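Everything on this sheet refers to the single structure shown next.
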Ligand code: SRM
Ligand SMILES: Cc1cc2nc3c(=O)[nH]c(=O)nc-3n(C[C@H](O)[C@H](O)[C@H](O)COP(=O)(O)OP(=O)(O)OC[C@H]3O[C@@H](n4cnc5c(N)ncnc54)[C@H](O)[C@@H]3O)c2cc1C
Ligand code: SF4
Ligand code: FES
């Protein structure tokens, strides 16, 4: 999550808007971005649209770990996405983008650039 | 070659199956079957009383005769053989030629030659027709007596008891099962049988049967006493059906039966005899397994494999009665010279165990187990495979103390050739091969080897072999839930319950590792709900819920949700229907009547859900839990209230049951059905819990399933009053909730339950584990703490806030687009989306 200077950060919500261990979806410059809050208030962001179904649902999946990878399971077909990279574990061709995300005060910021 | 088979019973059909498998070109096979239906499972005949139909019992795989090209002639009895002309004449006068003749005519029940044995309402116990006649007579009888206290007689007595009759068993010998058990064992067994409500009269010699004073018949005994009953069933042994042999000068054995050699040939080399009608070295075999062996030998020999031979059979037996374990192995009476025995007897729990060992104490010769036959499989294998006994063989039958494990057999000690399933002649080697081939569950193993599919007695051992082989092959035998918890669901349940654990954080800190995943989180959430029943969207619980539970609706392919209000028993008022219609209309939802007999509304967006539910709740509806692994529906028929055949108020009961169990979280969804009479319009026998009204109360069926692999439910108990019914359902459901694997419906759970239906009956009906009170209390807690999740959700602003599409924007998800079809909406298909989306206001950059 290094921040390139050209990136444009958008404040989307406050930390308390996201229940620990769950995700929400933000609309940032017409992109649907899933933002997850893990224990210790770590934040991760990937595309919200599940490439397999085309539905905007990834933020509604269950998060956890598989081995060393932090993942979310799509609520539709349970395929797993790496929260750090957006890689789909089962079908790499269904991988999605990941986005830089950080906390500024109480504000959750994403870079959608 | 023309092969003619006389008799299409269990062994006759096994012969055909073997023959079909050998695929000999140029064979023409004709089967003469005296009965009106093709071969069925006589071993499980008694289950006919428990609701199994003739079709359920059939042994003939669909398409068997079409595929094999064999000809089956029902209702056709063979009356004569002409050995010189090589023809068989049927009762209809037809003459059929053969090159090879196979006789598999089984046995006829022996009816003691007493005066009056041919009176009306006197029966034998052998065919489906016999049972149909008994059922009809049972309906107009109050009492029944079984003549004969052997294996079959006791099974029959249990059946009469289940028909609701006052039941007696009359036995000539001084004890029950005289052939298999000794005096002490017989005494314990008698106590067990009397516990079932059957009265036992031993040492009684019947002289004649006359008119009774208070019942239809009176049996008069040699000692001057008498017994009255409305119906009589003779189960005093069987005699080989060898009349065709006797008429045609074929040799017969010393005790009857068609004499056969090791290849199952009679004294005429073109005529074979197999099954119960055959006598091998003057021995008769009244069990199915030796018959199956003979069928294999005969089929192979006829098709030219000359080296096959029948080598006798083990006559060890296990009684398959509910609540009464009896088994006998080998030399149970200790008749071998110099043999010694060890005995263990507990007159309080009514348990008797004996093993007979060789003079040098190294080999097991026989055993008797009464009241608890857990060691049957182990002891049988030890005796059959001559496995050296441990130094202190008594520990094999003594109850384990201090939690010490019993000296097990260690399936590793068995040779590959050890026969594990005797009914279907499956060896350890064959089981191991099937495991290596991918059959790694009991169900799969049963399906591909048939092991355990007949009497079920070998199931515990089959399971052991399977697990040992999987471990040997390095397959993961562990039943760990996932990488985060080294426990099965059942173990986790126990840890949560005993440890009073109420949050996932505590659970994983104490018993697991990592962050959890989409397997263990919902499982833990479900167990928390079963144990403590707190609001599922409570802060600590919310993050564990699968999306369906988190948003209290089923997610659809386009990310919208379905809305299913509960309609208990399928009952809904006109006002209720109007309210549902108005909500659907207002929010533009697609509506459909579901297969679960209620109304489902589809196409609701996340942010619409709370408002929709608020309106439904105002109209008196509650959550239908269509999204949860929980009670779904209790389907009902109109029952006695309206239907001219109904004998019970099925809707009333369904509504009551649905209201009792609604909200109960379980390893998988649970469905009920309640029918008002045996016509079964509610399809209760296809449900996890099925209830059918009878003249005397309610019959309870369990573990049925529709879905991917339909399974008929099985009768757990009959003629219950409502209170007992509910109590048994409480116990059954909680036992399932505690012990099933995740996502295991009751049907697969039952199929994998060691000990099968009998075990389940023992636990649920007879409380053999002493768990009943605890299970009932736990259910009482769940019932008392029920809340409509939707009601709690819409009244909590905190929870309500979570139902939004975007955390930073109030607009709906513009990617959700519908088109119209048959006057309602449906999700647009990929090719329809661009046009449909062009109408929407938000621009998408995807
Ligand atoms: C809506 C409905 C079909 C319909 O239009 O009629 C339906 C719809 C779904 N069924 Fe069903 N089933 C529906 C009645 C049935 C029935 C019939 C019944 O209940 O009498 C069966 C067979 C009976 C049974 O369960 O034994 C049935 C057997 C299944 C199965 C297979 C279960 C099995 O044990 O093999 C699944 C898959 C699963 O659960 O793993 C399933 C799963 C599903 C899911 C949940 C699939 C999914 O994950 O999206 C569907 C979504 C429901 C929704 O969005 O509300 N549904 N499903 C019915 C809802 C009933 C209700 O009122 O709650
Ligand atoms: C209630 C019950 C419970 C049992 N439980 C067990 C158990 O737990 N374990 C076990 O091992 N065994 C059990 N048995 C015994 C088992 O059913 C038999 O060993 C098995 O059925 C023998 O098969 P078979 O083919 O030799 O005889 P059957 O299955 O009796 O078949 C013989 C067939 O031949 C027909 N037939 C006879 N004469 C003619 C003719 N002239 N022309 C045409 N057809 C003819 C008969 O009608 C019958 O259909 C049980 C039996 C009963 C009745
Ligand atoms: S049968 Fe299949 S497609 Fe139809 S509702 Fe059930 S799960 Fe869905
Ligand atoms: S021994 Fe009867 S089914 Fe296996």
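Quick reminder: no glycine exception, Cβ is built from N, Cα and C everywhere.
Per TrEMBL, the features are:
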type    : residues                   : note
BINDING : B:637, B:643, B:677, B:681 : [4Fe-4S] cluster binding site
BINDING : B:681                      : siroheme binding site
DOMAIN  : B:1-295                    : domain 'FAD/NAD(P)-binding'
DOMAIN  : B:316-379                  : domain 'NADH-rubredoxin oxidoreductase C-terminal'
DOMAIN  : B:420-467                  : domain 'BFD-like [2Fe-2S]-binding'
DOMAIN  : B:556-618                  : domain 'Nitrite/Sulfite reductase ferredoxin-like'
DOMAIN  : B:628-752                  : domain 'Nitrite/sulphite reductase 4Fe-4S'
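A simple way to gauge crowding: the CB of residue B:677 ([4Fe-4S] cluster binding site) has 20 other CB atoms within 10 angstroms, across all the protein chains here. Figure note: comparing Cβ neighbours within 10 Å for the binding-site residues B:637, B:643, B:681, the maximum is reached by B:637. For the [4Fe-4S] cluster site, the Cβ centre of B:637, B:643, B:677, B:681 serves as reference, and the other residues of the chain with Cβ at most 8 Å from it are B:638, B:639, B:645, B:646, B:650, B:675, B:676, B:679, B:680, B:682.
Just going by CB pairs under 8 A, the stretch in B:316-379, B:420-467, B:556-618, B:628-752 that sits most against the domain 'FAD/NAD(P)-binding' (B:1-295) is B:316-379. DSSP labels the residues of the domain 'Nitrite/sulphite reductase 4Fe-4S' (B:628-752) in these numbers: 42 helix, 35 strand, 48 coil. In the domain 'BFD-like [2Fe-2S]-binding' (B:420-467), the DSSP tally of helix, strand and coil residues is 26 helix, 4 strand, 18 coil. The predicted model assigns the domain 'NADH-rubredoxin oxidoreductase C-terminal' (B:316-379) a mean pLDDT of 85. Here the domain 'Nitrite/Sulfite reductase ferredoxin-like' (B:556-618) has, by DSSP, the following mix of helix, strand and coil residues: 30 helix, 14 strand, 19 coil. In terms of DSSP helix, strand and coil, the domain 'NADH-rubredoxin oxidoreductase C-terminal' (B:316-379) has 4 helix, 30 strand, 30 coil.
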